[in-house]
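Copied over from Swiss-Prot:
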- 9, 10, 11, 12, 13, 14, 15, 16: ATP binding site (BINDING)
- 60, 61, 62, 63: GTP binding site (BINDING)
């Protein structure tokens, strides 16, 4: 069986942000899906319940007159024994007006913002009255909203598993990585490139690993470096960051940065973090 969440509510109350949060939690998400095709879409999901195990769809006032058939859709779900939960996102009129003013966006119903809000409340009442959960986002931060959704959706994902940590080794001679959140330079380590027999090896090779680990400054550095990263990651999780890229660079991106990245990845995995490792320049061999 699939886990289905129907996201609805007032425009400007956080539906789009909520759908992004569901997506970060691994849900298959569809925004503003027409009511007429929801049943067919769910049938597709049921045929591949492994791939579509967790599904979140957004239905709102943009559906127009088709919203009149929303309750009929719920009857279809019940007949097919499809479990679902409707989450309605709401906010006070004053907060909605302020958010529209800040973003300078038009109301989707094409009226003035105040008129649009008033009309939308009438239209969305048919969903509001059948909602399983109503979330007032007037005073919620993004982090708080994420916690509320994780509880409502019964997502037992630890913060460590929520944060996707990418560790990237690179060579400065080929340029800085564009997507790095943190960049650390390990060119202070004696370069194995100039040691006989190590030039065409990489930081993955045992001989290179032993050469670097014998350097006292590396041991001191890595103890401090790993503790620094371990100390800061919970803060990123607290601030609701779902992706973090740590880039480690040396001259050519083959020896020192590769070994350090490998060692950091192993350290974080031992601490139960979800880690992806990539060596950008490991295959480049300039003479």
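Cβ from N, Cα, C; glycine included.
Locations of recorded Swiss-Prot features on the structure.
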residue: 9; record: ATP binding site; Cβ contacts under 8 Å, 6 or more apart: 15, 60, 87, 88, 89, 90, 124, 127, 135
residue: 10; record: ATP binding site; Cβ contacts under 8 Å, 6 or more apart: 89, 90, 91, 96, 117, 120, 121, 124
residue: 11; record: ATP binding site; Cβ contacts under 8 Å, 6 or more apart: 60, 61, 96, 107, 108, 109, 116, 117, 120
residue: 12; record: ATP binding site; Cβ contacts under 8 Å, 6 or more apart: 91, 96, 99, 100
residue: 13; record: ATP binding site; Cβ contacts under 8 Å, 6 or more apart: 89, 90, 91, 96, 137
residue: 16; record: ATP binding site; Cβ contacts under 8 Å, 6 or more apart: 31, 58
residue: 62; record: GTP binding site; Cβ contacts under 8 Å, 6 or more apart: 32, 108
residue: 63; record: GTP binding site; Cβ contacts under 8 Å, 6 or more apart: 32, 34, 35
Cβ neighbours within the same chain of residue 14 (ATP binding site) - under 8 Å, at least six residues apart: 89, 91, 135, 137, 140, 145
Collapsed DSSP category at residue 16 (ATP binding site): helix
Within 10 Å of the Cβ of residue 60 (GTP binding site), how many other Cβ atoms can you find? Include all protein chains, please. 23
Around the ATP site formed by 9, 10, 11, 12, 13, 14, 15, 16, list the extra residues of the same chain whose Cβ is within 8 Å of the site's Cβ centroid. 60, 89, 91, 137
Counting across all protein chains present, how many other Cβ atoms fall within 10 Å of the Cβ of residue 15 (ATP binding site)? 23
